[in-house]
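Going by TrEMBL, these are the annotated features:
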type     : residues : note
COMPBIAS : 1-20     : compositional bias 'Polar residues'
REGION   : 1-36     : region 'Disordered'
REPEAT   : 174-213  : repeat 'WD'
REPEAT   : 214-243  : repeat 'WD'
REPEAT   : 351-386  : repeat 'WD'
Amino acid sequence: MSCTEPTLNTPLLSSFPNKTDYSDQDPQPLAKPATRPESNNILISIPHSPNSQTPYKCLAIIPGNAGPISSLTLCGEFLFSASSTKDITVWQHPDLRQFTKFGHGEGSVKALVAVGNRVFSAHQDGKVRVWKVSSRSENAFRLVASLPTTRDYLGRCLKQSNYVQTRRNHRRLWIEHGDSISCLAVHGDLVYSGSWDKTLKVWQMSNLKCLESIRAHDDAINALAVHDGLVYTASADGKIKAWGKRNVMKNSHCLLNTLVARNNMSWNAIATCANTGLVYAAGSDGHVAVWRCDLEKEKNVWRLVCNVKAHDMAVLSLCVVSELVFSGSGDRSIGVWKREIGGGLGKLGFLRGHEGPVRCLQASWYRAGRGYVVYSGGLDRSLRVWWVPQEDMLGDK
């Protein structure tokens, strides 16, 4: 996840440069739905002059989701939320009107990423599913492929060298994940998937083939982020690893460095910030660590610049937008932090209200109100919307 400032007027799923063999027509942009159940309309009023005595405001609570919220992602004017069920819900933001639902597959949805005309979903059954807007069914999201694709599988299954040993007396193709896929990221024409099977896989978006499988860690991969061609993987083995392309033409990757802050803990989330070289990681011990990388001056060197005790319990999610960093924790709170000169974190306050651990976060800059709309998903099955003004904020609320 990188710190960007998406505008709310960006069209959803703009034209995608690479067509796949699995689409029969060019995707069309989403249109407004003809009807919406009134019970799903949640109108949010964005403050224009926040009260300095109450700088943080909960704008909406959407309880009663089918399961714990496992992932959130923003794409243009839409927010996608996934839960422990197979359903993925599409909301118009910032007013959180439900647009549609779609879903398929065994096990829960663990991660989402949207780009161009497509949405990629990672599942507990070890599959990545690819969706696109279908103009043939009232702009619903249509499943076009599951990764690895049948074509890719059949093209490799007869060659014994394509199989790897996963556990005693059990082998599978190297293009298959052997356990739940926990995280996804997209950069250019590449899709990255990290799994509890300890591997990082690289997929080509244009033809949906698996290009590479890397045994990246000694324990489960919990999160990954991609920025400026660098791939960061965060693992339960207590390590953050930075990967770069060994061969640009072949899209193969090599290990550049291993980032370690403390022993005997797990990294649960990771985020990067554009144009700063900063990498943020959330730990199971309640800490948030920050590394700075200066590739121009010292290639492949990352320095630990901050290691702050952010929460009383494990930090499960991170989101970076502009000068702010948000951290979601098992203690049911969301920390609000200011990026300081040099890469440090200054505590501004907390957003409180979830009745369970905060599993995922997304934030968007909103120019009209000069502040940030923050979306949080919890294991309490609720989706919450928060307002954080741009102005200097008070301390812990």
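If you go along the chain as it appears here, the first residue is 1 and each next one adds 1.
Note that Cβ sites are derived from N, Cα and C of the backbone, with glycine treated the same way.
Just so you know, TrEMBL annotations never went through curation; they're auto-generated.
Long-range neighbours of the repeat 'WD' (174-213) within the same chain, counting only residues 6 or more positions beyond its ends whose Cβ lies under 8 Å from a Cβ of the stretch, are 18-22, 107, 110-113, 115, 118, 120-128, 130, 145, 147-149, 152-153, 156, 162-164, 166, 219-227, 229, 231, 233, 235, 243, 250-253. Break the repeat 'WD' (351-386) down by DSSP state and the numbers are 0 helix, 23 strand, 13 coil.
When averaged over the repeat 'WD' (351-386), pLDDT in the model lands at 92.
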